[in-house]
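Q: Next up is a structure, given as structure tokens.
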Amino acid sequence: SVGFKAGVKEYKLTYYTPEYETKDTDILAAFRVTAQPGVPPEEAGAAVAAESSTGTWTAVWTDGLTSLDRYKGRCYHIEPVVGEEEQFIAYVAYPLDLFEEGSVTNMFTSIVGNVFGFKALRALRLEDLRIPTAYVKTFQGPPHGIQVERDKLNKYGRPLLGCTIKPKLGLSAKNYGRAVYECLRGGLDFTKDDENVNSQPFMRWRDRFCFCAEALYKAQAETGEIKGHYLNATAGTCEEMIKRAVFARELGVPIVMHDYLTGGFTANTTLAHYCRDNGLLLHIHRAMHAVIDRQKNHGMHFRVLAKALRMSGGDHVHAGTVVGKLEGERDITLGFVDLLRDDYIEKDRSRGVYFTQDWVSLPGVIPVASGGIHVWHMPALTEIFGDDAVLQFGGGTLGHPWGNPPGAVANRVALEACVKARNEGRDLATEGNEIIREACKWSPELAAACEVWKEIRFNFAAVDTLDPTA
């Protein structure tokens, strides 16, 4: 009979629709689902679709006041995971009308909201999202993008070099500025505030900004190269964050920085809009990402966080090193590096890319390799990341036995040697160590660095790995 019928009914009756053909305007999601014992995959997949869109636990009278068929999420495909009895991939399509234009915050509140605490699921992980071009076009995206950044900096044909100032906490503003000057003077393109440097009692933000700007201008005058220091504008409120960005602009520096996950997507998008309007580049640090993305069965993969960042806005984002001290498997890392840089990325499950993604005209983001890397890694980094990357050596610069400027010189010489060798057709993967040794003959600074770090390795297996193929 027609009319309202109270009670609880199975999700799959409404939300599991294997016959559904996805639309170009749908947001598509791939979830790794671990259901509770006894919950069939169709019901679990439908529950994910329901709880992340229009559904609730019981039939409600007000369902009759809207068109559920128009607004509901749909689980349209379920795929087993090879070697995992209890896991499967559920594909869900969401109609575009469910999401506010230009708001990553709203998109995530639905797709990775309450559903992650749902009792019928033991664990849930969002592996990938397909953002339709209609939704992409509602975002500004990165303030400037890769080409505009190169033009602003007048640096072409090689990766950029950076250094995080250490110790990350405890230096006075003047000593901090001195380290910035020494690194930039030695040949680096950028230095960086650590992500946890905001405005603490030992160094207030305004003092740091002033001394870093002085260091930057002095290094520029002496080297004839454009230099940058990522001034961290992250703050406790959006108003304070913008105040710091305004002061950075008044100092005339080229780039500011934000911690986009701890700061939040609303704050990040606000800052990205300010940066485009005022000609500032925006460096993004991903502090807190491993809380969300490191476990293979629960949370959200970093490729989703990377896509969200490209939509929200940032010119650089940390993306792992493959070879350093932090988590990151090569194929997976290259998968999301492409998602950050390229306009069009084909589906490629061998690199963890579940959907073809078309970014239309959204600018690209430069991936930043940072964390436990040093001069011996330079050939591998140049080969893995190519030219459009920032290679950041914190301890690998400041840990040089002769001090900061020689540490910077060693990194710049190693990079120039690798780029030259690559351009001459040499294979960096097989000849890397030899290329670095040859360069040592012309650079005592590089030779000293090579001696210090010749035995350093971080050999641990990655936690987050690709699924085996059948």
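Each residue, glycine too, has its Cβ placed from N, Cα and C.
As annotated in Swiss-Prot:
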type	residues	note
ACT_SITE	K166	active site, proton acceptor
ACT_SITE	H285	active site, proton acceptor
BINDING	N114, T164, K168, R286, H318, S370	substrate binding site
BINDING	K192, D194, E195	Mg(2+) binding site
MOD_RES	K5	N6,N6,N6-trimethyllysine
MOD_RES	K192	N6-carboxylysine
SITE	K325	site 'Transition state stabilizer'
Q: Taking the Cα atoms as reference points, how far is K166 (active site, proton acceptor) from N114 (substrate binding site) in Å?
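A: A Cα-Cα distance of 39 Å.
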Q: Just going by other Cβ atoms within 10 Å, which of the binding-site residues N114, T164, S370 has the emptiest spot?
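A: Fewest other Cβ atoms within 10 Å, among the binding-site residues N114, T164, S370, is found for N114.
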Q: Count, for each of the recorded positions K168, K192, H285, R286, H318, the other C-beta atoms lying within 10 angstroms of its own C-beta, and report the residue with the smallest count.
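A: Lowest Cβ count within 10 Å among the recorded positions (K168, K192, H285, R286, H318) is K168.
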Q: Among the recorded positions K5, N114, T164, K168, report those whose Cα falls within 10 Å of that of H285 (active site, proton acceptor); none is a fine answer.
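A: For H285 (active site, proton acceptor), the recorded positions whose Cα atoms are within 10 Å come to none.
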Q: Let me know the most crowded of the recorded positions, choosing from K5, K166 and counting other Cβ atoms within 10 Å.
A: K166
Q: What residue among the binding-site residues D194, E195 has the most other CB atoms lying within 10 A of its CB?
A: E195
Q: Return only the integer: C-alpha distance in Å from N114 (substrate binding site) to the residue listed as 'N6,N6,N6-trimethyllysine'.
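A: N114 (substrate binding site) to the residue listed as 'N6,N6,N6-trimethyllysine', Cα-Cα distance: 25 Å.
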Q: Of all the binding-site residues given, namely T164, R286, H318, S370, which is spatially nearest to K5 (N6,N6,N6-trimethyllysine) at the Cα level?
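A: For K5 (N6,N6,N6-trimethyllysine), the closest Cα among T164, R286, H318, S370 is found at R286.
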Q: How big is the Cα-to-Cα gap, in Å, between S370 (substrate binding site) and D194 (Mg(2+) binding site)?
A: 11
Q: Helix, strand or coil by DSSP: which one applies to T164 (substrate binding site)?
A: strand
